[in-house]
Each structure stands twice: as structure tokens, then as C-alpha cells.
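Asks: Encoded as C-alpha cells, here's the structure I'll be asking about.
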């Protein structure tokens, strides 16, 4: 803040001391006389008494080396050193002031001070009654004879704006509000979200919000309120009354421990293939991966918290600061590397553009539309997390390199970023898992599978029998590949889920068929044991043939091949047995459906459930 002397107010004060008409004199612009050789004013060596206008500890401020007199030195040399028992100088900060004359009690002068000013008062009742002339001469000298350099800022007791209590209080309030908003977001998340299920995250975020609120209230009540009323700013009081206290240090240490526990839990969750981690605290019974994670995580966390605790109580050790920052950056680098590795290892196939089936027209508009539909949620989320990771690196290094003792409060931003990273990583894992489940539903269940997809089988391979495999191979090899092409994309096929074809049978229908065959077998057994049918020797072979025939039917049926094979290939048996009329009708319908099958598109997949859901609407 640029401090300047209001000479008009000073002349009014001189009038208050008895000079009539002095308040009408206006302050003139200081002009450097051409023949004046600047020189330092006289000063008493060894004078250690504090000036009367120094109501706060001095604060050094850089001033350019200009050959001029300092205003404070002039006041000290011309007034205080000569008349130390009669004159006093005080600093008036900005505000409203009212002046009245001792001789004229009915007349008062009201002024509004926008800048700090000096108030010089001398006692007229002393032995020397000429202080009015002394003050008048002093005002004339500083206006006409000297090039005055204003150095009064060091007596105001006001820090620079980035280090002032206004900035500290504002930043602490923003951090407090942001932490409570994070906790509110965690509470309002759905029940299947990781941030909602994990109680460790709740404890960490809630504890951080509570301690920020408590210390913000303490800062306002103890420091900011008193400094606001006295109109000065002193950041060293915040360091001594808040940061240097034992409760503040203990709370910071506990918050750092909770942060390490959350990060270890995240890494353990990623290593356990996205299942609920099982904690077995007996070392020799732990799994290998869990044992490595717990051992390395506990070692790094212990080293980090020991260095952090020593740094809280011993801030002057530079070597300790360097080791602590190196350990902190090492932990963060390992954590981010593990997050990136497991994200790519487990979710790369849903993040790569190759997995999205592009339409055959090759238009850029179509490709961009498909990419937008697939990645409009994941790409902004990944970019946001990468930005937060980079910001944490920058703030940690910047504050460690350029922060002094009185700026320790700036590390509260680093602590806020730790809380934000913990919540963001759990949110990222949840979004990727949800997308993985959504893509799995769209690509596997209840839709036609494109045989060009590398994740599914080749239809020419014999899966159900030697004869069927040879026949299907002959059909697919003789078919022209360019006659029929799929005109639908994976997105269109997944969004239009149709009802199953008549050739597909659900497990309930299969059970009904088994019961029906079982009843037929019982009736055949009873019919074979009837004496009227024939002799015992003649009926026994027929009964055995019937039993062996229906025992094969009662076995677990594999997928029937009659829906893909022509009538003459399935309707005739090698042993010359005939097919039932119902089965014959079923074969004719299946052959009709099989004639319209493309070589690039197989029939609908057979599901384990009884229904085919429309997953586009079920989300």
C-alpha cells in the first residue's frame, strides 16, 4: 500500500494547536530544488528507544535506492529527538476523524482518511510555547526544501496482500466450504457407488471438514477479529496462535495417516480384481499380492508420517524438509502409476476406439457420432483426473520451494487436493466398472453376434458333431462373401433387442420336453409289459430298445443342430430310424430360417436365463 502524507490534515492539526488560518493552507507539490545536495539527517547513534508512532512490530519492505530523505527520519530528527518530552507521533489508519479547537468549542472539522496518516501532537502547556511555529516550519520544510521518500509503510503494521490475514482467512474459508461440499457429494451418491460404500472415505472426508471448520472459527475469533478492529494485519500471529499449537499439529498428522490408509485400500481393491478386499492380518496367511501391498504401503506410510511429525515440531531443519518432500512425491508417484496401470490393464478394451464397430460407409460424421456416444462420459472424466494429478505435483513442489515460515498455511491446498484425489479415484473406478458392465451386456447377452468380432467363435468350427461341422464348413465356403453385408453397427444391434426365434428353447421348455418324454417312456414300458402284446421273449428286446432310446433322450441335451442343417442331413438316421412327425415339422421350419443366414452373422446367442432384457432401457 502506498503511504503518503496528508499535509492538509497536518495543517489542520497545527491549527488545532493555536495557529489561526493555518487550515486554509493547501499542501503543495514537492519540488526538488536544483541546488540542493541531499544528505542524511542527523541521527543519534545508540538511540534504542522505540518511536511513539510504532504501535506494531516493524516490517521490512524493499525500497528503491533513491537519494532522498526518509519521512520517518525527518520526523525523528526534527521533532522527536529535540522535543521527546513534549511531542508524540501516532499513526492514524483509514477511517473517520473529527477535530475540534480548544478555543472554539462549537466548531468541529470532520474528515475521512482513506490512507494511513501521521498525527503529530505537541503540548502547548509546556515551558516552550512555540510548538505551533515549530510545526509550521516543519511542514514548510518537507514541502519545499526536501525530497521526501515515504518509508512509513514499515510502521503501519500491515503485511503484503498475499501474506495478509484477509488472504489467509479467505483461503481457509474456501478450503472449508470445498471439503464440506465433497462430504455432501459423498453422502448423496447412489448406494452402489464406492464412495458411498467405503466408510474409510467417509471418515477421512468428514474429519478433514471438521478440523478445517474448527480452526477457521478459531482464526476468525482470536486473530482476524482483533486485527480488523485495530486495522492492521500480522500473519505471524496466525502462525503462533494457530499453526504452532499442539491440537493443530495432531489433527494434521491424523489427516495424513487417514490419507495413506485410503490410498493403500484403493491399491488393494484394484489388485483384488475389483472384488471386496479380504483383510487377513496374519502375515503368513496373506496372499502374495496383498502381502506386498500391505508391506510396502505400511513402510512408506510409516516413513512419511514420522518425517511429517518431526517437521511439524521442528520446522527449521532444511534436510528434514527435503527428505519429507521426496518421500511424499515418491508415494504419490507410485500411487498414480498403479492407478494408471490397473486402469489400462482392466479397462483398455473399453477405452480403445477399435472396440467400437464403425459403419461401413466410412464417413467421418458417423465415426465421430459413434465415438461421442461411447466416450462422452469417460474422456472428460479421465481429463479431469489427469488435471488434478498434475495440479497436485505442481502445488507440492511450488509451495515447498517458495514457501517460507509465515506461509505454511498454503499447504492446506495440498491437503485439500489429497482429499479430492481420493474421492475422484473411487469415482473413476466406479464409472469404468459401470461402463464395463454396460458394454458386456450390449456385446454378449441377447443380441446377434457378428462373427467378425475377434471375441467370438468362428462358425465354421465343428462344435456339436463331426457331420454337422463338415456340413457347415461346406455351406460357408461355397457362399459368396460379398453377396450379403451387415448394414447395422454394434450400437444399432444392441439398442434393437428383438424376441428370440422359434428355434430357440428356454430351459423351462426343455424341462417340459423332458417330462413329456418321461411320460411317453413310462407308457411304452407299461405297453411292453402287457401280456396281450405278445410273449415275454418277444417283448423283452423291444422293451430294452425303448428304454435305451429314451435314456438317451433324458440326458442333458446339447444344442440341437436341426436349426442350421438341411432336412436331408438330419431327417435320416444312420440306422434307418424314422423321425417323429412333430420333429419333422420343426426341422422344416428350421431349414426355412437357415436359408436367410449371412456368413458374417450368426444366430442369436443362447442365454442362461429365461428372458432377453432390453438393457438400453434397464439402465
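Positions of Cβ are set from backbone N, Cα and C atoms, glycine also.
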Asks: From the ranges 250-270, 271-291, 292-312, grab the one Swiss-Prot calls transmembrane segment.
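Replies: In Swiss-Prot, residues 292-312 carry the label transmembrane segment.
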Asks: If you look at how Swiss-Prot annotates this chain, which of 138-158, 348-368, 411-431 comes out as transmembrane segment?
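Replies: Feature transmembrane segment in Swiss-Prot: residues 411-431.
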Asks: Taking residue 165 first and then residue 520, would you say Swiss-Prot puts both of them on the same side of the membrane?
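Replies: Yes, Swiss-Prot places residue 165 and residue 520 on the same side of the membrane.
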Asks: Quick test of your reading of Swiss-Prot: among 11-32, 33-54, where does it put region 'Disordered'?
Replies: 33-54
Asks: Out of 84-104, 105-125, 168-188, which range is noted as transmembrane segment by Swiss-Prot?
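Replies: Residues 168-188 are the ones Swiss-Prot records as transmembrane segment.
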Asks: With Swiss-Prot as the source, identify the stretch among 57-77, 204-224 annotated transmembrane segment.
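Replies: Of the candidate stretches, Swiss-Prot labels 204-224 as transmembrane segment.
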Asks: Counting only residues 6 or more past its boundaries, what in the same chain has a CB within less than 8 Å of a CB in the transmembrane segment (379-399)?
Replies: 325, 328-329, 332, 336, 407, 410-411, 413-414, 417-418, 420-421, 424-425, 427-428, 431
Asks: Could you tell me what the rest of the chain brings near the topological domain 'Extracellular' (189-203), counting residues at least six beyond its ends with Cβ under 8 Å?
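Replies: Same-chain contacts beyond the flanks: 183, 258, 261-262, 265, 269, 422-423, 426-427, 429-430.
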Asks: Which numbers of helix, strand and coil residues does DSSP report for the topological domain 'Extracellular' (189-203)?
Replies: 9 helix, 0 strand, 6 coil
